[in-house]
Amino acid sequence: MKKKWWIPYAFLALPLTMYLIWVIIPIFQTVIISFTDWDSVSPSYNFIGLENYKMLFYDYYFLTSLLNNIKWMVGFVIVAIPIGLGIAMLMDQKFKGNKFFKTMMYLPMTLSFVVIGEIWTWILEPNHGVINEFLRGIGLGNLAKPWLSDPNLVTYALIFAALWRQISYAMVLFLAGLQSVPTEQVEAAYVDGANSWQRFWYVILPALRPAMVIAITVNIIDSLRAFDIVFVITRGGPFYSSSVMANYMYIESFNNYNMGYGASIAVIQFFITLGFIIWYLINSFKKEDNL
Amino acid sequence: MKRGLLVLLVVILAFSAFAKTKIVINSNASDPAPREAFKHVVDMFQEKYPDYEVVVNTFPHEDFKTLLRTWLNSKEAPDVVTWFAGERMRYFAEKGLLLPLDDIFSDKPFEAYFPASFKSASEYDGKIYFLPFTWYWWSVYYNTEVFKKYSLTPPVTWSQFLHVCEVLKENGVTPITIGTKYLWPTGGWFDYLDMRVNGYKFHMDLTAGKIPYTDARVKKVFEYWKQLVDNGYFLANHSSYTWQDAASFLFRGEAGMYLMGQFIKDVAPAEVKDKLDFFRFPIIDGNVGVYEETPIDGFMVPAKAKNPEGAKVFIKFLASKEVQDMYSKELGRLAANKYVTPPDAHAQKGLDLVLASDGVAQFYDRDTDPEMATFGMNKFVEFMTFPQRLDILLKQMEFQRRKIFK
């Protein structure tokens, strides 16, 4: 039977249309709205040029949110990746109960950040929360802190809660990456007398490069997208101290009726994210060139 | 072929008939008690008007606030929505997103249903856009068992109030509980202190953006507030808690008092309900009139409602004495309809409190611009955490006021 050329296109037509309507077009609409003072309710609006963008640089809360996003990024990259890699290396060994532990480590991945947020609201609760109760229980009561009320601690508490899931995500990526590490090379290194650290550093890690690039990119993008867990646990509070860009955009657009201003935050966030995606693409093309 | 057409015709007819009689209501009554009570209202309506099919979509309060404007702008607007009287309603009326309800009052005027004082909170530009349904008073709720244990009596003056706080604190009970995660409980404190210190007129002018936040009279308000903060009378780490979380401290007797609206009873466990009582917010300056917060909740019809006729039938039904009587009895709130008597002794006491006052306000976030409200209430939480920042916070609020009320 002759293959009909249009069949793949027919399958793609619906998802592509939806993607266009709900993702691509809104991106351009957002850019347009970011040049206006639209309040999301009025039928009319004024074009005010770059006014919204100018205001952002004087907006203390936007800058706080941006700084918090950077904290998230650092946390996701320098904490989640090494720990995720370490756990992946452990789980890659053959030992009894290996499947069970792998599943346990993978479990947080299956939860949405909303559920995680609800769980951690209780864990971090200052009075009867698990963490503070535990600290008091082992005689370290002075380390028990108002995790969600102290403006200097709250962002770290949120990142910590998010890392719970992010680490398991990194682990999954590295476990997949470890499958592609050629066993012959590792064995050859072993025969050549390389110790386990040398085998890891000179043989396994370079082979994990593609997985590493993916893990770093995904974690950076996830840190920029951080929203749900902040929204559920603190709503950006107390007084915006734990706010991230997405959260501040939401408050400005939907609570404060500043849709134009909110859109300009979204555009900034979009371009930062785009920068990292381009960085990722360049990296992955480079790799293909080397082949 | 003919049969196919016939089926099609029947389907079209069925759909048009369906569309004609369906009334879609989006409601924010998400706590179990009001949700149940509103279901009874709808059942009553269905019984009386079997031609209509009422569909109720219930959303959590905070989500409802953000979703409402999307619905009002949407082609698929619901027919009836719950909302708040005052500025909150006016904001949408001003933008032409609401349907005037004046023809509902064509046979009997608004005043024949509701107290005359409700009219200004329900109208914009001479037209009625809001149907008052229930209202409630704010006051200082307290746990009677805790008060009894330490032989305390409800304070009347500010110094008596401070004394009660001190006794509770000495006995290891948090004097005042508050949950500021969603900010608005702080608005109650600001409103009451301002009305007790500066009176109603000043407060209304301030929320309308006519008075600078750096005015010495505003600072004086915070100085009273500061006495409570500095003495550690408020629940520690209040920004970790929602208003419901904070209420549980009062219910368990770990805290003594809570400045809150009557709806606090909606979330109180059955065995605690009778242990809750309230007293008027203490008097600070005897020369200033006594004003209370009495937010009015009710209903509006979006301008883009698909079934405005049905919506108005429903709205008119909601205005009636029988419906408001039933609803207020079930929740212990006060009915907007002036012929409904208070449902119980508790509500009677609340009504007396309001009737004995010199005037009423809605609430900070219902009396001022939404953006100012978010900003201001964030600053209130910041003040309650870092009272030493007061001067700079007032400057920031003033900067924001000038930006918003151009």
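Residue 1 is the first one shown; counting continues down the chain.
A Cβ is built for glycine as well, from the same backbone N, Cα and C atoms used for every other residue.
Per TrEMBL, the features are:
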type	residues	note
TRANSMEM	A:12-35	transmembrane segment
DOMAIN	A:66-282	domain 'ABC transmembrane type-1'
TRANSMEM	A:70-91	transmembrane segment
TRANSMEM	A:103-123	transmembrane segment
TRANSMEM	A:153-178	transmembrane segment
TRANSMEM	A:199-221	transmembrane segment
TRANSMEM	A:259-282	transmembrane segment
Contact set, same chain, for the transmembrane segment (A:70-91): CB under 8 Å, 6 or more residues outside the stretch: 98, 101-102, 105, 155-156, 159, 162-163, 166-175, 177-178, 200, 204, 208, 212, 215-216, 219-220, 222-224, 226, 244
Chain residues outside the transmembrane segment (A:153-178) and at least six past its termini with a C-beta under 8 angstroms from it: 68, 71-72, 75-76, 79-81, 83-85, 87-89, 91-92, 102, 105-109, 111, 113, 116-117, 120, 123-124, 145-147, 204, 207-208, 210-212, 214-215, 218-219, 222, 226, 229-230, 233-234, 237-238, 241-242
Leading contact stretch, A:12-35, A:103-123, A:259-282 vs the transmembrane segment (A:199-221) - CB distance under 8 Å: A:259-282
Other parts of the chain folded back onto the transmembrane segment (A:12-35), taken as Cβ under 8 Å at six or more residues beyond its ends: 47-50, 52-53, 259-260, 263-264, 266-267, 270
